[in-house]
Amino acid sequence: MIEARGLVQTFRTGRGKEKKDVHAVRGVHLDVGKGEVLGFLGPNGAGKTTTLRMLTTLLRPTAGTARVAGYDVATQPVDVRRSIGYCSQVGSTFSGAYAGDEVVDHGMLYGMSRRAAVAKGHELFEMLQLDGLWKRMPKNMSGGQKRRLDVAMALVHSPGLVFLDEPTTGLDPQARANLWSHIEALRSEQGVTVFLTTHYLDEADALADRIVIIDRGEIVASDTADELKASVAGDLVALEVASDDQVSPARERLARLSDDVEVAGRRVSGRVARAGKAVPGLLRELEGACVSLESIEVVRPTLDDVFLTLTGRSLRDADAPSLEGEKQ
Amino acid sequence: MTRYLRECSVVFRRQLRMNLRNPAWVLIGILQPVLYLLLFGPLLKPLVGSFGVGTDNAYTFLVPGLLVQLGMFGAFFAGFSLIAEWREGVIEAERVTPAARSALLVGRLWRDVLQLFVQAMILVGLGYAVGMRGSVGGVVLGVLITLLVGGACAAASNALALVSKSEDVMAPVVNIVMMPVLLLSGILLPMTIGAAWLQTVSDFMPFRYVVDAVRDGFAGDVASSAVAWGTLWAVALFALAMWWGASVFRRENA
């Protein structure tokens, strides 16, 4: 559904002598197959939204090409627009208009008849649990309802591919989980291809078949969540020992399995390849060395660990100085 | 072409629906010219004879000026609602549909021109009520010219809104444009009573010719050269503003 080759976006910012180029996206290659849910992950300012705007014909690429739903974004933008749905970060409906009217008008801009748009709108309202909100204004809706309305807007013309730009940002956990289940259903029940940007690792983990990580305008990884996690050197095993004199025997035993053992107080931790298999042996050895444990923890690597491994920075700390304001 | 008109009318109906839900704006927009008509008009009565214009009726003189003022300044504010929509993502959502991007502008202009038409009818009706005399044909022509100029100003305002995306930029720009236009177009008093230098300055103000044309129309002098020049200016301004507006809306990276 998406084939991007060497997409580049360079913005000029500043005035006069201080003019400089900002390389928001530097050569993105991307392939998304039909029916796939792609998680496009990266810190703020990494180039997620800019890439998305190029793929949705809102921004002309400085260089490179992209085919979306079979059409070239630069030369056949109208065909691309007809084939995709787009749900932007900021929303898509006016706060003072009726929700149902907005969806119907949007459908009609896609060339649908009023009757077809009304029917589809009601169908989507039911599917997205917006029943009874047809005559509600977005300003009187909850954050979760508003987001689901945005999804309805993006789906009114039954596109085969939807772009969701940070769909759950700012939602409370319940509303997030609810929206997740709807996104999940898009693929499983409607066969829609979903291109989802997020800076939440758990979101990409929960929804995406495949994850593409972008950092500083370049793609640094593209794989399934499991494979990406497997690329991190093992699971984190953390032991909490009962007394101070047991720290050093514990460290010694763990060091046989791991080369990056860390000690913090009575907590001894290290990364262990295939911890599930290694831990029972470790426990026996610790028992043999008379080390008694307060607790043992085995943590599978998270995508945050993946990001850390790939870029040397944690996703939480990696937020680049935002370009969002400048590029709009 | 039918598809294009259909897209325009979808945008237009959506805008109209939102406006009708809040009809106070139509009245607030007309309030200022109505106050001028009722409170400033009487002051002109003893003076209008000495202006040397085509009429000795204060309202036949004043209403055309107020009409053009309404057309220009009412429309200048059209862009503010566009910024509000842009901020909520509406414009971007519309730009991802296959609808022609210029239709997104044209549909909005239909609403602006319709609103202006309703306000113009109220103003002209009130004008007749307080004693204006005007030939029907001339009034129709005057209103048409006004609508053209109003459409031009609305297009420019929408274009400026989409370029600046900020009320903080729009407000001062509109103010800076409005003051000289108001003072140099002869809206409240004819430029001909001013000093020679002032008249020369006002010769460079396109809207002045528009005011003169509408005024001649109302006075029944439909075939005057002022009407021809004013109409020409109105058409030129409209074409220029439409070209700017359409190119801003069509621009790839707006």
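From the backbone N, Cα and C atoms, a Cβ is placed for every residue, glycine too.
TrEMBL: automatically predicted annotations, no manual curation.
Within the chain carrying the transmembrane segment (B:20-39), a Cβ under 8 angstroms from the stretch's Cβ atoms is held by residues 59, 62-63, 66-67, 69-70, 73-74, 77, 115, 118-119, 122-123, 126-127, 130, 188, all 6 or more beyond its ends. The transmembrane segment annotation in TrEMBL covers B:20-39 (among others).
Taken from TrEMBL, the feature domain 'ABC transmembrane type-2' covers B:24-252.
Annotation source TrEMBL lists transmembrane segment at B:59-83 (among others).
Annotated transmembrane segment per TrEMBL: B:113-130 (among others), in sequence order.
When Cβ-Cβ distances below 8 Å are used as the criterion, the transmembrane segment (B:136-161) is approached by residues 64, 67-68, 70-80, 82-83, 86, 105, 108-109, 112-113, 116-117, 120, 124, 170, 173-174, 207, 210, 213-222, 227, 230-231, 234-235, 237-238, 240-242, 244-245, 248-249 of the same chain, each at least six residues removed from its ends. Per TrEMBL, the feature transmembrane segment maps to B:136-161 (among others).
Annotation source TrEMBL lists transmembrane segment at B:173-198 (among others). Remote same-chain residues near the transmembrane segment (B:173-198) are listed as 36, 40, 50-53, 61-62, 65-66, 68-69, 72-73, 76-77, 157, 160, 164, 205, 207-208, 210-212 (criterion: CB distance under 8 Å, separation of at least six residues from the stretch ends).
Annotation comment: TrEMBL describes B:226-246 (among others) as transmembrane segment.
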Per the Cβ under 8 Å criterion, with at least 6 residues separating them from its ends, the transmembrane segment (B:59-83) contacts 29-30, 32-33, 36-37, 40-41, 44, 48, 51, 53, 91, 108, 112, 115-116, 119-120, 123-124, 127, 130-134, 142-143, 146-147, 149-154, 156-162, 164-167, 170, 174, 177-178, 181-182, 185-188, 190, 207, 210-211, 214-215, 217-219
